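A short write-up of the structure that comes next.
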Amino acid sequence: MGWGDAEFPNVSLAAQPDTCFGVVNLSTSLNETQKKAIASPWFSTAFGLIGLCSNLFALYVLLSSSRKLTSRSRSSFLVFLCGLVVTDFMGLLVTASVIIPYHFIKFNWAEVDPGCHLCNFLGFSMVFFGQCPLLLGATMAGERFFGINHPFSRSTSISKRRAWSIVGMVWGFSCLLGLLPVLGLGRYTLQYPGSWCFLTLLPDTGNAIFCLLFALLGIFSVVLSFIFNTVSVVTLCRVYHDRESVQRRRDSEVEMMVQLVGIMIIATICWMPLLIFIIQTILQQLPAGERARTLPTETQKLLLIYIRMVTWNQILDPWVYILFRRAVLQRVHPGLRARPSLLSLYPVLNPSLRRKLAQEARLQ
């Protein structure tokens, strides 16, 4: 999603307050050492390649695993994971395709993009590829919550086609959110140090509404994921330990929850500082109203730091699945072996239902 590293050839852009170039002060004085530390094109290129390769490898492993599965619950979970990995990969690819060339070419934004179309595209990409993983994380947590707490309900059984439809709905919703500034609610502007565009942290009505909407929606997704995952983990623990006669666990459910909790923890660490910072900045500037035309230098620098933290989310997400698969965990802990289904931990079922579910469990 974001990179936020570049040098400062666009100092004169600050004189254009009514365009996408006039919100930040790019004339902030830095010595050569500081400039190189912020604007290392080789570091950003290597950083991006690591993220892209990680997501490609995770996608390959996911596709290989999905071909071997017949369990509907596991298959739908893998579809959501594929949607997450594809989103992270495309987020890195799209933003890198604009920002990394800028490192080497050092083009002037006002000359190359006088109509702010490129800046709007980059800002849209940052919002779209930023909000999607949070919404997908909440969706996956909800799917597992209903799958674990209502395992025998037909309505909780999601086919691959329906799972992909849900992923498409998440993408569509995030797309509509990202288009709001293009349609007039807020605006995307060039950000310090002059290499990327994002939402505008100014207190005028349009920007304030869009910033708060973006941040509150992200926080809501993280909190919802936390609630769903907590209840799911507690339910699994109760089922596994309340029946002393059956000290067994279903590896697939444990594996999915471990991966889901890992994704949630990474999203919380990487995203919550930025989301809280956006809300805090907007609320602190509200008394200034329309008089605030540029962001304070410290605000610009903090925003850059938080965006860099967010970028790690797209790099670490694929490794959660790569490292926390049963095949890997069993090598680390040989005691983790395939065990009977979670269904065996519940009271006696209708014989026909038990035969059907037992057959599905054997095919996993």
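Glycine is no exception: its Cβ is also placed from the backbone N, Cα and C atoms.
Straight from TrEMBL, the features:
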TRANSMEM  42-63  transmembrane segment
DOMAIN    54-321  domain 'G-protein coupled receptors family 1 profile'
TRANSMEM  75-101  transmembrane segment
TRANSMEM  121-142  transmembrane segment
TRANSMEM  163-186  transmembrane segment
TRANSMEM  206-239  transmembrane segment
TRANSMEM  260-283  transmembrane segment
TRANSMEM  303-324  transmembrane segment
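Using the rule of three or more Cβ pairs under 8 Å, pairs at least 6 apart in sequence, the transmembrane segment (260-283) is not in contact with the transmembrane segment (163-186). Sequence-distant residue pairs (6 or more apart) of the transmembrane segment (303-324) and the transmembrane segment (163-186) include fewer than 3 whose Cβ atoms are under 8 Å, leaving the two stretches without contact. Outside the transmembrane segment (121-142) by six or more residues, the chain places 1-2, 77, 80-81, 83-84, 87-88, 90-91, 94-95, 98-99, 166-167, 170-171, 173-175, 177-179, 181-182, 188-189, 196-199, 214, 217-218, 220-222, 224-225, 228-229, 232, 260, 263-264, 267, 271, 310, 313-314, 317 with a CB less than 8 A from a CB of the stretch. If you average pLDDT over the domain 'G-protein coupled receptors family 1 profile' (54-321) in this model, you get 86. Counting same-chain residues at least six beyond the ends of the transmembrane segment (75-101), those with a Cβ under 8 angstroms from any Cβ of the stretch are 1-6, 41, 44-45, 48, 51-52, 55-56, 58-59, 62-63, 65-66, 69, 118, 121-122, 125-126, 128-130, 132-133, 136-137, 139-140, 143-144, 158-160, 162-164, 166-167, 170-171, 195-196, 256, 259, 263, 313-315, 317-318, 321.
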